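Q: Here you go, one structure.
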Amino acid sequence: MGFVARFLVFMSLFTGLVSGFALQKLPLIQFDEGYTHLFGDQNMIVNRDGKSVRLILDERTGSGFVSNDIYLHGFFSSSIKLPADYSAGVVIAFYLSNGDIYEKNHDEIDFEFLGNIRGKEWRIQTNIYGNGSTHLGREERYNLWFDPTEDFHQYSIMWSHSHIIFYVDNIPIREVKRTASMGGDFPAKPMSLYATIWDGSKWATNGGKYGVNYKFAPYVAQFTDMILHGCAVDPIEKVLSCQDGAAEDLRLASEITESQRKKMDSLRRKHMTYSYCYDRTRYKVALPECVVNPEEAKRLRVYDPVTFGGIPHRHRHGKHRSKSRQSI
């Protein structure tokens, strides 16, 4: 079976979304089976059980790892525990990217965890880029409803031909549907999975107001229960190779259930603090895939009335935010 035929068969298995079947039954892998060290010399430590990894940021360097294979769609997950205490400027990322292959037109699907000053909570940022569309930010940000430094919590990305879904503890928090108007901005090329910890002092906390304080180093992020569940692509032969059981598991996937959608809507109402669809300082007209909800717009204006249009233009002061990575 050729690459195109394999691709079409795999896409038929993704007609539903990974949500309705038991995610806990997906196979976990040993670190050495699925990943390799990316950077940070001694700052990446694989635990003796071979299932857990610690990524460390100190004065010398951050660290990271990357999947051995590249994937065209799949389900990618890890349980993560974040550093406690003062963590402003610290960025921990769990994401898909092909920037090493497509330097000028890469794709990316991001989970980013943004540290904070003492007494303030970590925040989550999600984002997507397609075909090098980094001039267009599609960020959303959320406050967490638990302390991510006390225990492990599962963060997952489901990526198919037509949908991207971000999960926290198996509850969907964001759904991105591919639309014709998005064109090549929807991630569509094979990607590797990455996990990194690094110094984002210049932008991550209040636009760079608070940076990393290495008095509190080392900063340690812990990863376990890792899942790579999709079809790997041979970059030379262009052949798709599905893992054992992946096709059947994905065939059993169904649409987001009514119950899950209610949970997602509730979490977004309570915890989402930013959405690019309502950012009037960046986009005079919302991007074409946006479905503007007046109630959602009203809630977001509470967090930032300038950004979300609650203050008349003549009364706004200060510079607009950058169009690239932005912070709360």
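These residue numbers are counts, starting from 1, taken along the chain as shown.
Using the three backbone atoms N, Cα and C, a Cβ is placed for every residue, glycine included.
Feature table excerpt (TrEMBL):
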SIGNAL    1-20  signal peptide
DOMAIN    19-223  domain 'GH16'
ACT_SITE  Glu108  active site, nucleophile
ACT_SITE  Glu112  active site, proton donor
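For each listed feature, how buried is it and what is near it?
A: Counting Cβ atoms from all protein chains shown, Glu108 (active site, nucleophile) has 20 others lying within 10 Å of its own Cβ.
Around Glu112 (active site, proton donor), the C-beta neighbours below 8 angstroms that are at least 6 residues distant in the chain are Val91, Ile92, Ala93, Tyr95, Ile124, Gln125, Thr126, Asn127.
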Q: Given the model, what does the mean pLDDT over the domain 'GH16' (19-223) come out as?
A: 93
